[in-house]
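According to TrEMBL, the features are:
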type	residues	note
BINDING	Tyr15, Gly42, Lys109, Tyr132, Asn186, Asn291, Arg385	substrate binding site
BINDING	Tyr72, Ala108, Lys109, Tyr132, Asn186, Tyr217, Ser245, Phe246, Ser247, Arg256, Asn291	pyridoxal 5'-phosphate binding site
DOMAIN	35-402	domain 'Aminotransferase class I/classII large'
MOD_RES	Lys248	N6-(pyridoxal phosphate)lysine
Amino acid sequence: MARMNEHFLKLTSSYLFSEIAKRVNTYKETHPEADIIKMGIGDVTLPLPEACIKAFHEAVDEMARAETFKGYGPEQGYPFLREAIAEGDYRSRGVEIDAEEIFISDGAKSDTANFQDLFSSDAKIAIQDPVYPVYIDTNVMAGRTGVFRNGRYEGVVYLPCVPENDFLPDPPKEKVDVVYLCYPNNPTGAVAPRDYLALWVEYARRHDAIILFDGAYEAFIRDPEIPRSIYEIPGAREVAVEFRSFSKTAGFTGTRCAYTVVPKECRVKDGEGRFHSLHDLWFRRQSTKFNGVSYPVQRAAAAVYTPEGQAQVHANIAYYMENARIFREALLGLGYACTGGENSPYIWVETGTDSWEFFQILLERAQVVCTPGAGFGKSGEGFVRFSAFNFREHVEEAARRISTVFSGATP
Ligand code: MLT
């Protein structure tokens, strides 16, 4: 009989969002009449922007005619999309990124999950805590950690993100090889000022470390002082890979399109001290294991960069951010301390109680779903996360319900 990859046995439980869905379904079975408002997983509700839909339809029609039909596309993605990204998301904002450095994919989840393939199995990794579970779980699967004990995996450097450090932990004292950073942060909603990112770039350069920078929520930054990309920091091109997604920016969670930037200067060493280009390694990995994103989806994504696409995307983001403002105010009104919700679609709320217990109470008393902070890591205990991705009337209703249920006393 085939033997399993026993590193999977170290994983704590089911994937966080599967666990939440399971608990919500169990509640629904016993309360079929409940009108549940889901503010747990960050899944968009507004339809794709009209410009994307139009491009999508036209591209589907191209697939229907022999003269315009497309088979396999270019491995890194179509140049029309990579060029649009390089110009729209970087060069127009003063950051030099070449289209050749951009890899189109089906999601920042898969890219942040897969990128660790390129590092040695004994690479030392650092993650923030709380953290998007994909970063840690994929390293567990790859055997890069010890067992799970006292709420943490052995062999991993955890960087607690707590109110005492404004959710911006300093780089560790020791040397690590790979650091996962996510800003605007999922789940805390915190944003990283320029001098904070500069600390990390300096750390990575000093220790020959690579920063895996997840910028999936970059489009929600409204403060002009906050960098939108790690490459706004001098020296980052040699040490940072950046992940971006159309999921939250343009409503592509069900359509699937994202991209990863791997600058040509980013290098890693082999056991004999020879340098290798991360760009070449990622190309080798992707061209072996991935066959690209469909042509119509790439056309739909490119439409984000047209003037109409930009206006529509900005309107959708403003809609979600108004949701965030409404809900955040309701929480503040109840006396909860909150971060996020200002440059991020997530609101991180200090409840001071067991976070799965809070999740359950909220579900039962208000029929509102949140994400328990403990699901993101040990330092997430005592917090819950609310997502602003929903319809306005649902957010207003959820705000009314929690204000009624919890007014006067925190649960
Ligand atoms: C979240 O809720 O954290 C995200 O939706 C998860 C994801 O993007 O995969």
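Numbers here mean position along the shown chain, with the first residue as 1.
In case you wondered, yes, glycine gets a Cβ from its N, Cα and C as well.
Sequence features, as recorded in TrEMBL, placed on the structure.
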{"residue": "Tyr15", "record": "substrate binding site", "Cβ neighbours (10 Å)": "14"}
{"residue": "Gly42", "record": "substrate binding site", "Cβ neighbours (10 Å)": "23"}
{"residue": "Tyr72", "record": "pyridoxal 5'-phosphate binding site", "Cβ neighbours (10 Å)": "8"}
{"residue": "Lys109", "record": "substrate binding site", "Cβ neighbours (10 Å)": "19"}
{"residue": "Tyr132", "record": "substrate binding site", "Cβ neighbours (10 Å)": "22"}
{"residue": "Asn186", "record": "substrate binding site", "Cβ neighbours (10 Å)": "27"}
{"residue": "Ser247", "record": "pyridoxal 5'-phosphate binding site", "Cβ neighbours (10 Å)": "22"}
{"residue": "Lys248", "record": "N6-(pyridoxal phosphate)lysine", "Cβ neighbours (10 Å)": "27"}
{"residue": "Asn291", "record": "substrate binding site", "Cβ neighbours (10 Å)": "11"}
{"residue": "Arg385", "record": "substrate binding site", "Cβ neighbours (10 Å)": "26"}
Segment-level pLDDT (mean, integer) for the domain 'Aminotransferase class I/classII large' (35-402): 97
Arg385 (substrate binding site) and Tyr72 (pyridoxal 5'-phosphate binding site), distance between Cα atoms, whole Å: 40
Listed recorded positions adjacent to ligand 1, that is, members of Tyr72, Asn186, Ser245, Lys248, Arg385 whose C-beta is under 6 A away: Asn186
Distance [Cα-Cα, Å, rounded] between Lys109 (substrate binding site) and Ser245 (pyridoxal 5'-phosphate binding site): 9
Cβ packing number for Ser245 (pyridoxal 5'-phosphate binding site), 10 Å threshold: 27
Binding residues Tyr72, Ala108, Lys109, Tyr132, Asn186, Tyr217, Ser245, Phe246, Ser247, Arg256, Asn291 (pyridoxal 5'-phosphate) - maximum C-alpha distance in whole Å: 34
DSSP-derived class (H/G/I helix, E/B strand, else coil) of Tyr72 (pyridoxal 5'-phosphate binding site): coil
